[in-house]
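Undergrad: Before I ask anything, let me first share the structure, which is written out below as C-alpha cells.
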Amino acid sequence: MRPFIQRTPGAGLPQLVRLLSSTRASANAPKYTSASAEELAHFNALASSWWNVDGPQRILHKMNLLRMDFIYSTVRKHLQLNKPETPLEEEIYVPPYSLDLLPKPIRLRIVEDQEMRRDALLNKSKLRVLDVGCGGGILSESMARLSFVESVLGIDLSSDVLEAAKLHKGKDPILGDEKLSYQLTAIEDLDASKKYDIVTMFEMLEHVDYPAKVLSEALKRVEVGGWVFISTINRDFVSWFTTIFMGEHMLRIVPVGTHTLEKYINQHEIREWIETNQDVRDSFKVVDAKGCVYLPAYGWKFTNSPDVGNYFMAIQRTL
C-alpha cells in the first residue's frame, strides 16, 4: 500500500507524508503504540491539571460532551430491533418502504415504538469498553457511568497521567474496580483473545508513531457487532491554523507542543486503509464520520464536512 501523501493547496506548507499504511517498527521503537519521549514528557507535565475544567485540558472536557453524544447516538441508532430470538408478539413491523408513504398517525406510532424499543434494548445491554490512550480518564469515567456499560478498561503509556485518573476515580465510590480500571500498558500487550463491545481512541492516533499498527491492534479486540470510535485531525492548513497557530500560540487554549502537523491523519486515509487492507476490509466498515470544530464562544459542535479540521469516526465489525 502506498504512503499517504498530501499537498496543502495555497498554504505554503511543504509536502506532508504520513505512513499510516506502514506497520514497520524501527529498532528504537519496541512498542508500535509508543509515543516519543517528548510526547510522554509533555503529557506527564499536564497530569496534575488534567481534571481542572478551567485548566490546560479544558478543551478536552468540552469535547467530551460531543464524544459521548457521538458514541451514544451511533450505538443506539444501529441496534437490531428484531433479533431472531424476539417473540413474535413483541416484534415491531417496519415496512420495507418509506414511512413517509404511511398516514402520519401510523408513521408517528411506528417511530415511537422503535424509539421505545431502542431504549429498552440499550438499557438491557452490558457493554465492555476499552479506552485506548485514556489519559486522565475524562472519557473513561463518563462511559463507566452509563447504565448500559458493564465495565471500562482505560490504558495509557503515561504513568503520571494514569495516576491522576486513578486519584480522580477514587473520589466517586460508585466507580469500583469492577466498573472502571486503569492499566499502564500498550494495546498490543493486552490479551487479544479478550474482546470488547466498544474500543475508543480519542485524540490519540496523532500522538503515536505507528497509527496503522495501533488501529490494527484495536480492531483485533472488537467483538463481532462491536465498534471502534476514533477522533483525530485532518492534515491540512485549516487544522494547522486552528489547532496550532490559534489554539496553541494565539488563544493559548491548548498547551504549546500538544500537536504535530505531520502526525495528523486525513479521514479519507483511514477509510482507504480499511477498504484496501486484506486483513480487515471484509470484517469492518466505516459507518459514520462527522467533522467538528471548536468555537471559543460556544464550545464544540459538529460540522457538515469530516474532511476539514477535527473529525469523529465510527467503525463497526460486521463479521
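Each residue, glycine too, has its Cβ placed from N, Cα and C.
Source: prediction; values computed, not measured.
Take a look at what TrEMBL says about it:
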type: BINDING; residues: ARG67, GLY133, ASP156, PHE202; note: S-adenosyl-L-methionine binding site
type: BINDING; residues: GLU203, GLU206, HIS207; note: Mg(2+) binding site
Undergrad: To the nearest whole angstrom, state the Cα distance for the pair GLU206 (Mg(2+) binding site) and GLY133 (S-adenosyl-L-methionine binding site).
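TA: Rounded to a whole number, the Cα-Cα distance is 11 Å.
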Undergrad: Beyond the listed site residues GLU203, GLU206, HIS207, identify every same-chain residue whose Cβ lies within 8 Å of the center of their Cβ atoms for the Mg(2+) site.
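TA: Same chain, not in GLU203, GLU206, HIS207, Cβ within 8 Å: GLY133, MET204, LEU205, VAL208, THR232, ILE233, HIS259, LYS263.
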Undergrad: Can you count the other CB atoms that lie within 10 A of the CB of GLU203 (Mg(2+) binding site)?
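TA: Other Cβ atoms within 10 Å of GLU203 (Mg(2+) binding site): 21.
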Undergrad: Tell me the coarse DSSP state (helix, strand, coil) of ASP156 (S-adenosyl-L-methionine binding site).
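TA: In the DSSP reduction, ASP156 (S-adenosyl-L-methionine binding site) maps to strand.
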Undergrad: To the nearest Å, how far is the Cα of ARG67 (S-adenosyl-L-methionine binding site) from the Cα of HIS207 (Mg(2+) binding site)?
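TA: If we compare the Cα positions of ARG67 (S-adenosyl-L-methionine binding site) and HIS207 (Mg(2+) binding site), the gap is 18 Å.
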